[in-house]
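Trainee: Shown below is the structure under consideration.
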Amino acid sequence: MKVAVLGAAGGIGQALALLLKNQLPSGSELSLYDIAPVTPGVAVDLSHIPTAVKIKGFSGEDATPALEGADVVLISAGVARKPGMDRSDLFNVNAGIVKNLVQQIAKTCPKACVGIITNPVNTTVAIAAEVLKKAGVYDKNKLFGVTTLDIIRSNTFVAELKGKLPTEVEVLVIGGHSGVTILPLLSQIPGVSFTEQEAAELTKRIQNAGTEVVEAKAGGGSATLSMGQAAARFGLSLVRALQGEKGVVECAYVEGDGQYARFFSQPLLLGKNGVEERKSIGTLSAFEQHSLDAMLDTLKKDIQLGEDFINK
């Protein structure tokens, strides 16, 4: 199993690479790529960790050597948020980066499962889909927007609020991956209940958690370490499913049946070919249903922005 990390010299990429070097199954290959010249050195640094995961690093304009034979590609390349920016301010720079890298994936490893971490995910996933479609290699079961950070944040915040162990809590988060499009299904957590005010406040905290980190880092970065952990969790789940493990479920932002929007984050049963089944989001509370209805315009506009970037 070969996993490639694109953007591997950045804050998320290095954290993700460290976790994958430690946790990928024995015999896996890990391939690191970034435009930054430090990247082969990051791979050498990680190669000293005693795990049976082979690692190589590549830098420069051409990602091809890193992508050859990849089964899973995780893209974290791009610029990070600074205070006062929202995820859509990133669009102008990151759209071009994602387009370029996905064009290289389409040529070199078109059958790979691709996880997009680069923000704004609501839009960059649509860009990736359109690029793959133009190249004639798009498979909607193999393209994912990685929204796992919203889930691990939800698990942490719910556990704190309700005095549970974070490992005992698993929150489904649906919709998209920014602001109001992030919708944790708090009403579906077994053995936990919330007042309406608690649900509203907690939902807002989860939606704004990225900004909490950006402000706390005072201009020195955004959520890199927790995002690295979230991306590793998603990537490792995908690898386990591709290797034939049954019953692997993760939420991610994928093209579905278009019931809510063309792309939508929902629970997915993963399998040997990527998405095996898009699972139901279940029964929503009145607050959740209202929040879902209210976000769809925003989500659809985000998606349209990505489609137009490639097709206009």
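Yeah, the Cβs are placed from backbone N, Cα and C, and that goes for glycine too.
These figures come from a predicted structure and were not determined experimentally.
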Trainee: Out of D34, D86, D139, which is the one Swiss-Prot records at the NAD(+) site of G7, A8, A9, G10, G11, I12, G13, N94, I117, T118, N119, M227?
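Mentor: For NAD(+), Swiss-Prot names G7, A8, A9, G10, G11, I12, G13, N94, I117, T118, N119, M227; of D34, D86, D139, the listed one is D34.
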Trainee: Need one number for the NAD(+)-binding residues G7, A8, A9, G10, G11, I12, G13, D34, N94, I117, T118, N119, M227: the maximum pairwise CA distance in Å, whole number please.
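Mentor: Between the outermost Cα atoms of G7, A8, A9, G10, G11, I12, G13, D34, N94, I117, T118, N119, M227, the distance is 18 Å.
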Trainee: Under DSSP, is A9 (NAD(+) binding site) helix, strand or coil?
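Mentor: A9 (NAD(+) binding site) sits in coil per DSSP, no helix or strand.
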Trainee: If I take the alpha carbons of G11 (NAD(+) binding site) and R81 (substrate binding site), what is the distance between them in whole Å?
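Mentor: Checking the Cα atoms of G11 (NAD(+) binding site) and R81 (substrate binding site) gives a distance of 12 Å.
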Trainee: In the structure shown, which of the binding-site residues N94, T118, N119 has the fewest Cβ neighbours within 10 Å?
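Mentor: The binding-site residues N94, T118, N119 were compared, and N94 has the fewest Cβ atoms within 10 Å.
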Trainee: Counting Cβ atoms within 10 Å of each candidate's own Cβ, which of the recorded positions R81, R153, H177 comes out highest?
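Mentor: When each Cβ's neighbours within 10 Å are tallied, H177 leads.
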Trainee: Quick check for the class: what is the C-alpha distance, in angstrom and rounded, between N119 (substrate binding site) and G7 (NAD(+) binding site)?
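Mentor: Distance (Cα to Cα, whole Å): 13 Å.
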Trainee: Determine, using Cα-Cα distances only, which of these recorded positions is closest to N94 (NAD(+) binding site): R81, R153, H177.
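Mentor: Considering only the listed recorded positions, the nearest one is R81.
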